[in-house]
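Worksheet: one structure, shown below.
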Amino acid sequence: MSWQRWPGCSRCSSTWPTSRIYPRSWPESGEPLAQGNARLEMSSSVSRLMGPMLGGALLQGSASAGALAANALSFLASMAGVVLVRSPEPTPSSHDASTGVWRPIAEGLRFLWRHPLLRPLTLAAGLRNLGMSAVRTVLVLFLYKALALSPGVAGTLFTAGALAAVAGATLSGWLAGRLGIGRTLLLTGCEGLAWLAVPLALVLPSVGTVVTVMVVSSLWLPIWNAVVTTLRQQVTEPRLLGRVHATARTINLSTIPLGALAGGVLAQLLSDAYGDRKGLTLALTLCAAVAALSLVTLLAGNIRRIRHYPNSAPASLAGPPGDGQTAKGV
């Protein structure tokens, strides 16, 4: 299955240019840019909802090879959409072309780490991904072993969570406008906090409890993604936007496999010690607590004080060109 690394690499290399190209398609005002990012997040949420449903229908109605072929066609359609994008590209300077690979990477990392807003957001996202990846790993075992749910019921629960994600993407702009950016980001901590209520599934109706937890949790991730992407685009110098976004995604996504591994090991250890029902419940709760700790990072970074999107990274507050300093846009 080593061929699977290539689609993964292609996906990573196709996402970071979007964050750089997309802001040039919108006015400099933060609100239209935020609205556009919310629409992109809603598109992603809808695709995550419809993909498994269409895949299941294709597998029932045709051979697996036909389903894989249809999946390949979806990538070709995506490629055609990218080809149709018309966005002015700045000409790379000879200085950037002669610096090699490692210096731009270091510059993006330095910019990200020194920025008083981007640093806590990136650390919070990494911690959140670590905990939620572990939650998703343990959740499958919890549904089948601890609650003894059928595959059909489990699939319905995941569908409810996907529908909640679509709703969250739809509400992100309205919520940020009503509550402010900082308070909205703090509320997204409910993604992890909601799973702390999972022990109630052992004493209350299990399906109703889990679907409530899953809906409350799934609502917040697209809101976080839309708001944080807009903030990063607004406070980062245009020439650094691609490398800063790539650096942030590398840090954030690198914790996902670690979380999956930790969740699996924890589930095995606690199941052996306390049995499937109690052990998996405890494992799921501990993993949720890790995800909820991202709130501590946000509170320490004074994120709650942010009310509005900044219009841009002010040049007057930026460091000298090439030094990796950031404008204090927030």
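Numbers here mean position along the shown chain, with the first residue as 1.
Quick reminder: no glycine exception, Cβ is built from N, Cα and C everywhere.
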Looking at 71-90, 251-270, I want to know which stretch TrEMBL calls transmembrane segment.
251-270
Choose the correct range: of 134-155, 156-177, which one does TrEMBL annotate as transmembrane segment? Give that range.
156-177
I'm checking region-level scores; what's the whole-number mean pLDDT for the domain 'Major facilitator superfamily (MFS) profile' (117-330)?
84
Verify whether three or more Cβ pairs under 8 angstroms connect the transmembrane segment (251-270) with the transmembrane segment (210-231), leaving out any pair fewer than 6 apart in sequence.
no
